[in-house]
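A.B. asks: Take this structure first; my questions come after.
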Amino acid sequence: MVITCADSRVCPSSILGFQPGEAFVVRNVANLVPPHENGPTETNAALEFAVNSLEVKNVLVVGHSCCGGIKALMSLQDEVISSGFIRNWVVVGKPARLQTNAAASDLSFDQQCKHCEKESINRSLMNLLTYPWIEERVIRGKLSIHGGYYDFTDCTLRSGHSITRVVPWYPRAHAL
């Protein structure tokens, strides 16, 4: 299973080299995975179907450079109340934004966005483990969780480690 951004520049079959029908693909703005307790979304339903019905063996979250969804997340003003669909979705990534603000506040906005693009992958991986049926399969060795980052500037996919416990897919100290 691949969870990636809805951005048309991110074509999972091209990036990962698989053919149609070889992977269950979910695309959403900013490739976010909401935590289990956030309630039903299309992403949650797709996860439940892929993991419980199709019994996929791997879940890969692929983020990318120059992500408009992450830029929207980083541009949010906490004090502004909005009922917009984009704001209501990207706020799922707020923990990544807060971590970015704490770790990279001295960087330019573009560099902060790059940091948050990567941190949001970590947060999505951790959010995957909030689903009891995902956590149970990971613990039993029936499911692996992976993170990856596609960089448009050099057309490379940087992959992380298989996750059987909560660990970042990239060292935060070397995020940039």
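Placed from the backbone N, Cα and C atoms, the Cβ positions cover glycine too.
Quick paste of what TrEMBL says about this protein:
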- Cys5, Asp7, His64, Cys67: Zn(2+) binding site (BINDING)
A.B. asks: Restricting to the same chain and to sequence separations of six or more, state which residues have a Cβ under 8 Å from that of Asp7 (Zn(2+) binding site).
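C.D. replies: When sequence neighbours closer than 6 are ignored, Asp7 (Zn(2+) binding site) has His64, Cys67, Gly68, Gly69 within Cβ distance under 8 Å.
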A.B. asks: Enter the number of other CB atoms within 10 angstroms of the CB of Cys67 (Zn(2+) binding site).
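C.D. replies: For Cys67 (Zn(2+) binding site), the count of other Cβ atoms within 10 Å is 25.
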A.B. asks: Using DSSP with the three-state reduction, classify Cys67 (Zn(2+) binding site) as helix, strand or coil.
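C.D. replies: Coil, per DSSP.
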A.B. asks: State the three-class DSSP label for Asp7 (Zn(2+) binding site), counting H, G and I as helix, E and B as strand, and everything else as coil.
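C.D. replies: Coil, per DSSP.
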A.B. asks: When you measure from the Cβ of Cys5 (Zn(2+) binding site), how many other Cβ atoms are you left with inside 10 Å?
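C.D. replies: The answer is 23.
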